[in-house]
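Trainee: Quick one: the structure is below, and I'll ask about it shortly.
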Amino acid sequence: MAPARCLLLLLLPLLRVLAGTSQPPLLEPCELDDEDIRCACNFLDPEPDWSSALQCTVAVDVEIRAGGRSLEQFLKRVDLQADPRQYVDLVKALRVRRLTVGAAQVPAPLLFGLLRVLAYSRLKELTLEDLEVTGAPPPMPLGATGLGISTLRLRNVSWAAGGAWLAQMQRWLKPSLLKVLNIAQANSLVLACEQVLSFPALTTLDLSDNPGLGERGLVGVLCPHKFSALQNLVLRNAGMETPNGVCAGLVTAGVQPHSLDLSHNSLRATPNIGDPQCIWPSTLNSLNLSFAGLEQVPQGLPAKLNVLDLSCNKLKRAPRLDELPKVGNLSLQGNPYLLAEASFLQENAMNSEPGMALACARSHLAVGVSGTLAVLQGVRGFA
Amino acid sequence: MGVLPGPLPSLLLGLLLTSAAAVLGANPGLVARITDKGLSYAAQEGLAALRRKLQEISLPDFDGDFKISRIGRGNYEFHSLDIRSWELRSSVLRPLPSHGLSLSISDAAVHVEGRWKVKMNRFLKLQGSFDVQVMGVSITVNLVLGSESSGRPTVTASSCNSYIQKVEVDLSGGLGWLLKLFHDTIESKFRRILESKICEIVEKSVASDLQPYLQTLPVTAGINSFLDVDYSLMEAPRAAAQILDVMFKGEIFHHDHRSPVALLPPVLSLPEDHSQMVYFAISNYVFNTASLVYYKAGYMNFSVTDDMIPSDSPFRLTTSSFRAFAPRIARLYPNMNLELQGGVVSAPLLKLSPGNLSVTPQIEIEGFVLLPNSVKKPVFRLGVAANVSATLNFNTSRITGILDPGKLQVELKESKVGVFNEELMGGFLNYFMLNTVYPEVNGLPVLGCQRPAHESLRARKKRPQLDLCIPDVRLIPGDSQRTETRTSFLSSGGEVCLAPTPQASAPSPLRPQTSHSALAWTASPS
């Protein structure tokens, strides 16, 4: 289903012409699918028909892109201090559970006003993409309930508030409900930790696609004692260098994840000289080091793991037992030494070799293309 | 509220005396209770009217014979008797258990003038004028109140007693000195005659004036241009030790066509309290009969088109705007207007419970697309359930109510245009009602208070009018969306109209009454 959806989005204009219906050839910015589940809006025109978004009130998945324009004009048209009782019933009637807002310059009062309004809805997942948040947030209204989302995803969002953005945003959410936080392509991940409240329910923190983060940056993001419930830490393409360095970061931050994903980083097998051996948190039982360009099994891995993924690296030889920790499920496919063995052993080497190489290559392609959510979704559908 | 002015007590008295036959076993829709306090007030206020009426009594001529020893016989005649004035000091009107009313006037005085003639021994003729002061007159008359089949009251005088304490006769004219000799005899004769005459007159007046007048009283009255109310009596007024209850039917019907009502009035039970003067109890039967009339006459249907939406509203009654509720409608019918036609499914019935009124109308709305060829195509049907309730408060001179419009619940009955987000429709309707409709409706009277323009004053006087307005609705922002209604009693020229007044002039106690099925309130002037 997912590839079909991304195809639809990319070929939207073409499809309309091909559909050959009796509808007027005018392009509507918004499109609701046949099952009334998904509604996607892309306001590209200089003077778009905003009312087209009315169709999305029945949709469960809503995506709204504003074509990169400034939304300053809406600030005058909406009353941010309006009594919520007037619109509570209207908002409650919206069926949206997953919302994506993207491609705009939005004033902070408008963004947080939206969060306040949506607090009465059934929204569970919010994704903000390609946004530039300008200005200062509005004062928090008394007695307002926060937006009860369980998943928050940010990709390429820049904040006027700099490092204080998370603390600001948190006040408009219900931190006790947030389970998954994704921050990708952030320009600054140095958070003002003393202002951040704790996330008592956050189990998954995904900082992928922040090439400039690095192990030092990791410590800046993982505010101490604020991520006490963290179980899954995903650091794909996050500028990590060595597993040992990441371990040190985890220990400094005091987080104890169960699973750590360091794939798609350019990892080095040997730690920096002078870095002490790090004791991994005992809770860690799954480590993903695939697509890391490792030529050998890195040093300083935890002693015992349930899952260790070293697939699609550049291992030239089979790892020795003393190099590896005690692992329940070890994955080594896609490494050069295995390909060499496979081509030696199998008759139709032509089929298997390109197949495996293709699997590793396709994933590389996906990571390389950034900023196209649809394709990424499609790949995730595959993977 | 102020003092109840003159006409009202007479209206009350008139209302009380309008009894009608009882339909055995049926309950009244409206009960008026007047206590002994109220009756004495009415008696006091009615004294003036009574005085005028009594002044019109014509005393008959009377004559007789007399004999004076050693002088002879003769006969006297008193004629052209004319009552100059009555003085009524106190009157008491009391309910008489199992009978009706008892009226006693005590310590009254009458001043009669007339002419006298005396013929004696066939040659002596004297005449002159006289002046009689009758003092200490007491009259007690028991009236039996009943009702007859047409719903009108009946009144009969069951017993009458009168007593005159003293009579002073002043004769003038020829040989008055002679008659002065017979002063005592004349006075006592006068006394006896008057005593018997008074009761005769009262009984005759009741039978030939009051009772026929009661027969002419109407049992229906107009409320507005098409509504009439039937206030005939269900049974004879019930009198107990300190109260008199009058049971009215209270059925509202259409002026042009009256059809039988399938509703049963509930039992009305008034509280035992009799510290106030008047108590009114009105049951939901009255309101529900009105509701039935409005429903049958089609007043509860409505139609909304795009031109009724204010021009500055971003939301219009078009298929474009309705994409919010039915996303596909604009694709099936691009750029067309919509029309909503709706009405209640059945006449909404008012439910009364202690201190609380509620009504739950079920409305059905059908949406039509106005096609270019002027065809109206139905595209969806919604059921809307409303729950409107009001809590009444009584304080000093005002009845205030808090109206809770409740939340409209919208249910989708049918859609020919795909998915329909009925919860959003419900939220939108609630928003629209609270922010647009209620403020518009503020201050509008719901029933009457506007006389039909074509009726002349004379015609109005012929057809007794009871202007009844339901208090207006005022939206007052509070902690929840509630409205407050204000009303007070005004009386002008025999009509009782409930209308909003900014201030009440003098406080007068209004007591709340609650009963399981009736609204009751009391009034007493200061």
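Placement of Cβ uses the backbone N, Cα and C atoms for every residue, glycine included.
Those TrEMBL annotations? Automatic predictions, nothing curated.
Annotations for this protein, taken from TrEMBL, read as follows:
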DISULFID  A:Cys30-A:Cys41  disulfide bond
DISULFID  A:Cys39-A:Cys56  disulfide bond
DISULFID  A:Cys193-A:Cys223  disulfide bond
DISULFID  A:Cys247-A:Cys278  disulfide bond
SIGNAL    A:1-19  signal peptide
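I'm curious about the neighbourhood of these features; can you describe it?
Mentor: All protein chains considered, the CB of A:Cys30 (disulfide bond) has 24 other CB atoms within 10 Å.
Annotation for A:Cys39 (disulfide bond): same-chain Cβ neighbours under 8 Å, separated by at least 6 residues, are A:Cys30, A:Glu31, A:Leu32, A:Asp33, A:Gln55, A:Cys56, A:Val58, A:Ala59, A:Asp61, A:Val62, A:Glu63. When secondary structure is read from DSSP and collapsed to three states, A:Cys39 (disulfide bond) falls in the strand class.
A coil conformation is recorded for A:Cys223 (disulfide bond) in the three-state DSSP classification, outside any helix or strand.
Within its own chain, A:Cys278 (disulfide bond) has A:Asn244, A:Cys247, A:Ala248, A:Val251, A:Gly300 as residues 6 or more apart in sequence whose C-beta sits under 8 angstroms from its own.
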Trainee: Cα of A:Cys223 (disulfide bond) to Cα of A:Cys41 (disulfide bond): how many Å, rounded?
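Mentor: Their Cα atoms are separated by 36 Å.
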Trainee: Specify the count of other C-beta atoms within 10 Å of the C-beta of A:Cys193 (disulfide bond).
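Mentor: I count 18 other Cβ atoms within 10 Å of it.
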Trainee: Let's check the environment of A:Cys247 (disulfide bond): how many other CB atoms sit within 10 Å of its CB?
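Mentor: Other Cβ atoms within 10 Å of A:Cys247 (disulfide bond): 23.
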Trainee: Provide, as an integer number of angstrom, the distance between the C-alpha atoms of A:Cys41 (disulfide bond) and A:Cys193 (disulfide bond).
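Mentor: On Cα coordinates alone, these residues lie 36 Å apart.
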Trainee: Output the one of A:Cys41, A:Cys56, A:Cys223 that, of all these disulfide-bonded residues, has the highest number of other Cβ atoms within 10 Å of its Cβ.
Mentor: A:Cys56
Trainee: Which three-state DSSP class does A:Cys247 (disulfide bond) fall into?
Mentor: helix
Trainee: When DSSP is mapped onto helix/strand/coil, what comes out for A:Cys30 (disulfide bond)?
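Mentor: Assignment for A:Cys30 (disulfide bond) reads strand.
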